[in-house]
Amino acid sequence: MSNNKIIESLAILYLNNYINDNDIYSLSLINREFHINIIKDDYFYSTINKNYLFLYIKIFKLLSIKVKLNPNWINIINNNNNINNNNNNNNNNNNNNNNNNNNKIKLIKNNFSVISERLNFLIQCKFNLHRYLDNNDLFITILRGEKLSTLDRIICFSIIYSQDQILLFLLNFILSNINCNNNNNNNNNNNNNNNNNNISNISNSNRLLANNSYNIQFNQQIPTQNELINLNKCLQFSTSTTTTTTTTMVPPFNENILKVYPIYFAIVKVIGGGSLVRFLLSILPNVYNITNVNCKLPITNRSALFYSTTREMTLLLLQLGCNIHDMDYKGMLPIHYHSLNGHVDVVKCLIDDSTINALDQSNNTPLNLASLSGNLSLAKILLNSGARLSIDNLNGRYPIHNACVNGNIDLIRYFLELYSKMNSTTLLPSTTTTTTTTTTTMTTTTTTAITTTTATTIQNNSNNLTNSNSSSVGGLRISNGGNTQQQSIQIPDKENNTPIDLLVLNNHFTIAIELLKYEGYIVGKEEFNFKTARKIGAGAFGDVYLVEWRNKNVAVKRVKIEKILESGKSYQWIRDKFILEAVLMVKLSNFSSFVKLYATCIEEKELLLVLEFCDNGSLYTILNTIPIGGAGANNNNNNNNNNDIIQSLPSINTLSLNIANGMNYLHSLKPQIIHRDLTSQNILIDRNGIAKIADFGISRFKNDIGDKTMTSIGNPRFRSPEVTKGQKYSEKVDVFGFGMILYEMFTRRVPFHDYEQIAASFKIANAERPPLPQTIDHRWSNLIQICWDQNPNNRPSFDQILTIIQNLPIANIPKFLVPLQQNQNQIQNQNQNQNQNNGKLDLSTSSSSITNLNNAVTAKLSLSTSGGLFSGDSDYTVGTCSGYDIGYDNDGDIIDYSSDQNDSDLYD
């Protein structure tokens, strides 16, 4: 015999009280396999639960059968009571009759005790009924935590699990109690006639479907009303002693204790639901009146129409008087609910002019919700019926946004086709040039936006593409592609997430390529000739080339696919990580604090990023190509160009503001973007001296769970101590890197320049910091020290840093190496900040706002998603080469690819 059979046998013995809990426990200790099956796998208790359910059904059947076999129990019991009351007076005269009655009573009581015993057992194990219901998804969805009586629960159970016999038994029992209660209020002589007339009226006048199967079963298979009344009184009698002088009265049964939930489960039933609904309405019209406002679910306020899942049921409910404009607790109409759940046939029945573009409390239309469910056929039906694409919800999301959350590629392609027709079949609205400049947020360079002044429509779709005058849209922008009439769908929502951002945030990478194509960012590899291109940067898994493309110089980042495949990664993994970085660069391309992405190539054997070429190279190159010595040292020709660049650069204030402004924007996004490799190698300087943040190859967004642990990525010299220690990290790792960049700009040295990189990272992890020159103003020193504080919680945010820098004195990058000598006060101040981990920067002198920033520094950003190319779960990075100046090989050593004397000051 298998273990499962043995366990089932034990369960039966347990149910019949042959063994108890101690026996089961002892057996589990003796036999390890029993321990696994009984305790660990819970098979024993699940078997008991299953047997309880079968027993539940069996007892109900037994009750019904017993009542049928003993229809005159109540008369015999009452006679027995009368005999007991008059026993002393009539003992001699009725001795023989009394003996006969006593025998009958004894037999009846024996039979009744069996029923009573099983009923008590049924009540004791009713928690198993609750367990079955509470684990049922449909029951949980409709109930929403509402408390139900056991009677309501049994009715719901009978409907959900199609236990028709139990359901009919219960309904007859309910009717018997209701009419029994009515009889107590009427004349006893007319009680039975009135009762029968009432039931006849309920069954005939209000019955919606005659001779259906439920009514036939109801009348034929279940005990009569008198039998049920007798059963009820017998149950009550069992609680009395045999010497009771009068039979205990049955407590009045009030139908108001019943709730509306059972009929909702009948409505949801796909097979036989219509007949069951009609039956319930005919039997208990006062309880299950679906047109009554009290019939709405108490918590969700949803009417019966919300839970219809078929066309037939929907038409039945509409015929019965259900209102299509009934709102639930979220302000949703039934059409909203069914659009969200993809019930196409139901939505067809609910569409009219008043519902097609109706808004719920979140300003979602049925089309918004259908797009979120990714139902293409439903979206087409709604659009052909007059639904509009141009209505956004309170989160600023249009149907295209929700479609990208779902990731249905066919639906997204359909929307893209509609957007393209918007401009190819109609006149474009007039355009206005707008420029926005603020003091605390970054502003875009002057861009052209389409401002809608009148509604435009597509003739083929019945006004379904009417542009909205909502200010949240700001007009749909022209796409980046070659077709200037192509309508861009890079529309940010209230959290600055565009449709393509939502795709990558929900891991729909393949579909993201479709949107990149639509926006004109995808190009073919045949446009680039790497044989004639000059390599200007390299790393372990990627190279950067200077290429002439479409009549301009660009930097092309080329991923070494074969090299990465050798490390064990799949092409899909490589491509997905690459798309993350490309999408991030697309969003940052309009803003001066970030390197612009012109195009990308995503093919099986080629992954390319076509980037803006920054003439002055990286900040690292500028700071580290210097003459060795102090002021007045002889400058050779190798450094003349570099000195010219340094002299032409803006102050450290402006450069640091530019960097901090961009990082502040990244950290303010939802989800938050963490660069994770903020070093001077990844800060590029264009010909105008504007600092641009580059290389988002290992950036990542912070999810809702919280801080993440991070593998040792990036340059060890700029790596925060929590990263080196493998601890949880936050956006404060970028603040640490920013502090190291400030140190490098003031000293023209990398942190711990006289140590190997790994040794430098260990010194940082041990709370050591490179010495600060005494020539640095103490206010700048304080900022650097608080940024690289050992405790991440003590580091300021970039928003605070922006305010601080506005109040610092002007400082410039020195022409030569600065002696690293410190006075005693600076050492003590630094030790206090690093070792006590309680340093707090004094912001009392900071101004309340930042004003009159350089236009190159204040650029308004519109990024909403992260990069993440070869992110923290990988053991390598392409990152350091995308600054296309120098890279790090596998050992982290600097690789010099300079071959042209004139370019040595630009790309090392």
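We count from 1, first residue shown onward.
In case you wondered, yes, glycine gets a Cβ from its N, Cα and C as well.
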Just to be sure I read the record right: Ile536, Gly537, Ala538, Gly539, Ala540, Phe541, Gly542, Asp543, Val544 are listed as binding ATP in Swiss-Prot. Which of Lys525, Lys552, Lys557 is listed for the same site?
Lys557
I'm validating the feature mapping. Which of 182-212, 430-460, 461-491 is tagged region 'Disordered' in Swiss-Prot?
461-491
For the repeat 'ANK 6' (495-524), the mean pLDDT of the predicted model:
93
Measuring Cα to Cα, how many angstrom lie between Ala540 (ATP binding site) and Asp677 (active site, proton acceptor)?
16
Between Ile536 (ATP binding site) and Asp677 (active site, proton acceptor), how many Å separate their Cα atoms?
20
Other than its own, how many Cβ atoms are within 10 Å of the Cβ belonging to Ala538 (ATP binding site)?
21
Across all chains shown, how many C-beta atoms besides its own are within 10 angstroms of the C-beta of Gly542 (ATP binding site)?
28
If I count Cβ-Cβ pairs under 8 A between the repeat 'ANK 2' (300-326) and each of 258-289, 362-391, 395-424, which range comes out on top?
258-289
Using C-alpha atoms only, work out the spacing between Asp677 (active site, proton acceptor) and Gly542 (ATP binding site) and round it to an integer in Å.
16
Which entry in the list of binding-site residues, Ile536, Ala540, Val544, has its Cβ near the fewest other Cβ atoms, using 10 Å as the limit?
Ala540
Do you know the DSSP helix, strand and coil residue counts for the repeat 'ANK 5' (395-424)?
24 helix, 0 strand, 6 coil
I want to verify one value. Collapsing DSSP to three states, which class is Asp677 (active site, proton acceptor)?
coil
Within the repeat 'ANK 3' (330-361), residues counted as helix, strand or coil by DSSP:
14 helix, 0 strand, 18 coil
